[in-house]
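Record features (Swiss-Prot):
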BINDING   Lys102, Met141, His156, Gln157, Asp158, Trp174, Ser248, Arg257  2-oxoglutarate binding site
BINDING   His156, Asp158, His246  Fe cation binding site
MOD_RES   Thr55  phosphothreonine
Amino acid sequence: MACLSPSQLQKFQQDGFLVLEGFLSAEECVAMQQRIGEIVAEMDVPLHCRTEFSTQEEEQLRAQGSTDYFLSSGDKIRFFFEKGVFDEKGNFLVPPEKSINKIGHALHAHDPVFKSITHSFKVQTLARSLGLQMPVVVQSMYIFKQPHFGGEVSPHQDASFLYTEPLGRVLGVWIAVEDATLENGCLWFIPGSHTSGVSRRMVRAPVGSAPGTSFLGSEPARDNSLFVPTPVQRGALVLIHGEVVHKSKQNLSDRSRQAYTFHLMEASGTTWSPENWLQPTAELPFPQLYT
């Protein structure tokens, strides 16, 4: 299951994404959910750091790029919240566990449960079957997609945020911790859209200038009829090419759509852009996947 067949590899190269149902067991998914429950129960976020996560461009710049809480989260475990969950003083308007959009961006490095999933033999075998020589883990996120108001993620390419030279060196690994359905906000892809380069980049502003990030280029209008929904069952793994266009809709159902996702970069012969918002640090250089 972890080693891709020639036909699976061909489909991934053709479409820019690939679904592998049953990659993780129900027990592994439960272990992640239980651990996240413990992390959330211990959550202590200062008022000035209660950053609402948004996927619309201007709101991204205001809510993320202008705050050091986001820009310095690459080597930490931090909390990002849905829109409208705080009053004007930063107090929760909904139960805290229902307010979180995601936790990022270093669960893979600092938490034993997520570290073991990320570096599992299955994941390493999968990476080897993709031909990755020296993959490193650049970031990880636990995404909640809360019931009733889990925010939409507008069409984008991961390489807009995680840019490399040459392109084609970033791979998203998206694991369904719960069933992802049409109703609760499954992923949608434009098959084959990974072959046209990157139309937009989010770059970190020079030190001392504001805001913290800005966008170069713009996201072109996408033909909605080209998007294909990708509902999957709990335990499925979705491989996501760094340049494939994908999105997810708002979750208006009464069930969450939790997922654990991390990004790999082929480090051999690759330059990680110094303009990316996310940078390796002395405390956490990008860890090697193969252990």
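Cβ coordinates come from backbone N, Cα and C, glycine included.
Owing to the predicted nature of the structure, the values given are computational and were not obtained by experimental measurement.
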His156 (2-oxoglutarate binding site) in three-state DSSP notation: strand
Closest of Lys102, Met141, Trp174, Arg257 to His246 (Fe cation binding site), Cα positions, binding-site residues only: Trp174
Three-state secondary structure, which DSSP defines for Lys102 (2-oxoglutarate binding site): strand
Env. residues of Fe cation site, Cβ within 8 Å of mean position of His156, Asp158, His246 Cβ: Val153, Pro155, Gln157, Ser160, Gly172, Ile240, Val244, Val245, Lys247
Neighbour-count leader, CB within 10 A, binding-site residues: Lys102, His156, His246: His246
Under 8 Å by Cβ from Ser248 (2-oxoglutarate binding site), same chain, sequence gap 6 or more: Lys145, Glu152, Val153, Gly185, Cys186, Leu187, Trp188
Taking residues Lys102, Met141, His156, Gln157, Asp158, Trp174, Ser248, Arg257, which bind 2-oxoglutarate in the record, the widest Cα spacing (Å, whole number): 21
